[in-house]
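Chemist: Have a look at the structure that comes next, please.
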Amino acid sequence: MDDFPKDWFTEEERAGGAIALHILASLYLFLALALVCDKYFVPAVERICKALNMSNDVAGATFMAAATSAPELFVNVIGTFITEGDIGIGTIVGSAVFNILAVAACCGIGAGMVVPLHWWPLTRDCLAYGVTVTILICIIHDERVEWYEALVLVLLYTVYIGIMYWDKKIQGCTRGFHDEKPDQQASPESGELRIGEPPQQNGNVKQAVPTEAISTSDHQETGLWEIVSFPYRKGIVRKLAWVLVLPIHTVFLITIPDCEKPRFKKWFPVTFLMCIIWIGSLSYMVAWMITIVGDTLKIPDSVMGITFLAAGTSVPEAVSSVIVAKQGHGSMGISNSLGSNTFDILLCLGLPWFIKASFLPTSAGNHFVGINSRGLEYSAISLLSTLLMLYIAFAANKFKLDSKVGHTCLLMYLLFLILATLIELNVFFTVNLPTCGR
């Protein structure tokens with residue numbers, strides 16, 4: 001916690017109840033992160049991809065993956081370069097399990113119907129992610145990440161892009177085993193995805209619209225992001241939600257040009273730059289608040305990352321996945337979550353680790369990044385197990401997503417949280433040293 005600015009409250013004041021303010025601040029910052037990513041960052045990245053004439057596959061695996069995984073990337077940058085702790089890898093491991101199990105649970109339970117899944121994208125992404133997690137386990141086994149190990153992760157990301165690029169040819173080779181057609185693709189002229197349009201299976205584009213759940217605004221009637229009129233005819237919940245998000249909308253409206261509006265459509269580079277600044281700043285404040293909460297409650301930062309921080313950065317993806325699942329595109333929500341997880345490990349972990357170990361080592365000659373908690377290896381192994389169980393559940397259910405599979409995934413997620421938390425809290429064996437006293 002000493003790597004961040006000094007807190008406004010003393011340790012005694014936080015223990016006496018002021019810590020609740022930090023928790024509320026964290027939740028509000030999660031909301032701000034979701035809004036800036038989905039309202040401004042994703043559209044700006046879409047326009048960059050269009051300007052560069054990138055294919056949907058490559059765009060989804062690169063720029064769009066960065067857009068949807070920006071909070072996790074910045075949190076790991078902070079954990080690697082500033083706090084030099086496990087909050088970054090803990091967040092990415094926890095976010096991965098959330099994306100695998102909680103997203104599937106939300107889709108299965110929230111869709112309210114049986115959603116057919118396409119076998120190929122699920123098989124492809126489960127296999128790719130399984131290999132990625134296995135490599136991560138091997139790398140962190142000795143509690144240190146050498147510079148060349150981090151470089152391997154980054155280089156494997158280029159291999160992943162190649163797989164996405166040649167996906168159609170690879171899929172063609174598998175048609176002898178299965179007669180299903182691949183999911184529909186995004187609009188060929190723009191590569192953009194919107195709610196209600198056919199999804200893209202080969203990239204990591206997520207139609208993240210978290211404020212449909214947070215602010216419960218009526219997207220069809222007034223536009224999801226209008227702030228110009230008070231919802232007089234709506235219920236008290238709608239009115240309170242409008243008041244809650246108004247400060248965030250106002251600040252972003254003043255500081256970030258909306259490139260989806262005609263008068264700012266050519267301003268997308270400025271939109272992209274301002275979003276980077278905001279996401280970096282918000283991620284820093286989130287990591288600061290979470291670190292204070294963990295320090296006050298004597299909870300290791302790896303636990304805070306696996307639980308609270310992981311869920312907070314991934315809730316928008318769960319909400320958007322439920323929306324597309326209700327439209328019958330269940331494969332899109334599940335497959336893109338897996339694709340985003342692959343990006344998180346290969347680049348969100350690999351790139352900061354490589355830069356830190358190669359150019360900014362903690363001490364001269366030691367070109368590696370240390371992993372403080374041995375429990376993260378067990379959490380990663382649990383992650384690999386949950387991935388296998390998820391695929392078995394889908395295959396046993398004939399690649400159909402329903403409430404039965406949803407409740408099964410929800411139970412597995414809760415079990416993972418309990419097991420990972422108990423491991424990190426040294427219940428079974430020591431993996432974390434006690435918090436230093438002041």
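Sequential numbering from 1, following the chain as shown.
From the backbone N, Cα and C atoms, a Cβ is placed for every residue, glycine too.
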Chemist: From the ranges 188-210, 211-233, 303-325, pick the one that TrEMBL records as transmembrane segment.
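Modeler: Result: 303-325 is the stretch TrEMBL calls transmembrane segment.
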Chemist: Restricting to CB pairs under 8 Å, which listed stretch, 15-37, 88-114, 270-291, 337-355, is in contact most with the transmembrane segment (375-396)?
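Modeler: Selected stretch: 88-114, with the most Cβ pairs under 8 Å.
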Chemist: Under a Cβ pair cut-off of under 8 Å, which of the recorded stretches 15-37, 88-114, 337-355 contacts the transmembrane segment (270-291) most often?
Modeler: 15-37
Chemist: Could you tell me how many residues in the domain 'Sodium/calcium exchanger membrane region' (24-166) are helical, how many are strand and how many are coil under DSSP?
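Modeler: Across the domain 'Sodium/calcium exchanger membrane region' (24-166), DSSP assigns the residues as follows: 117 helix, 5 strand, 21 coil.
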